[in-house]
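Structure, as structure tokens:
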Amino acid sequence: GEPNVSTATSVREQHGHDESMHACAPPDAVVWPQSVEQVQELAALCYRCRVPMVPFGTGTGLEGGVNAVQGGVCFDLSRMDAIAELSLEDFSVVVEPGVTRKALNRHLRGTGLWFPVGTVDARASGSSWARG
């Protein structure tokens, strides 16, 4: 229920498009899970009821991936923003899906590391770290 679920038109439209050229295709509802368990429960419910699931991060994608072309439920993961573990020795960090690059860099301030934009290392199948 409120404030973790919305069917308001303005909220649905906000979650029905990204930075791509695709027209807005809003979901039927937006939910804000706050734990892995809630995501699992919501996903199981959507699966049982055959309702499409659309993950939403910050809405800055360029591919139209958040467009709910068949309706469904948008999972806005922005409230799952904890940084669980940081290992300076092996340059790894465990984060929840709502952690933004800017929030991660604030957390890293003072460690000599930062997470730059757009540095994908295909050999490691992930993004690169930088030491400053």
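From the backbone N, Cα and C atoms, a Cβ is placed for every residue, glycine too.
Residues or ranges marked as region 'Disordered' in TrEMBL: 1-20. Among the features that TrEMBL reports, compositional bias 'Polar residues' is placed at 1-11. Taken from TrEMBL, the feature domain 'FAD-binding PCMH-type' applies to 23-132.
Per DSSP, the region 'Disordered' (1-20) is made up of 6 helix, 2 strand, 12 coil.
Summarising model confidence by region, the domain 'FAD-binding PCMH-type' (23-132) averages a pLDDT of 87. Here the domain 'FAD-binding PCMH-type' (23-132) is broken down by DSSP into helix, strand and coil counts: 22 helix, 30 strand, 58 coil.
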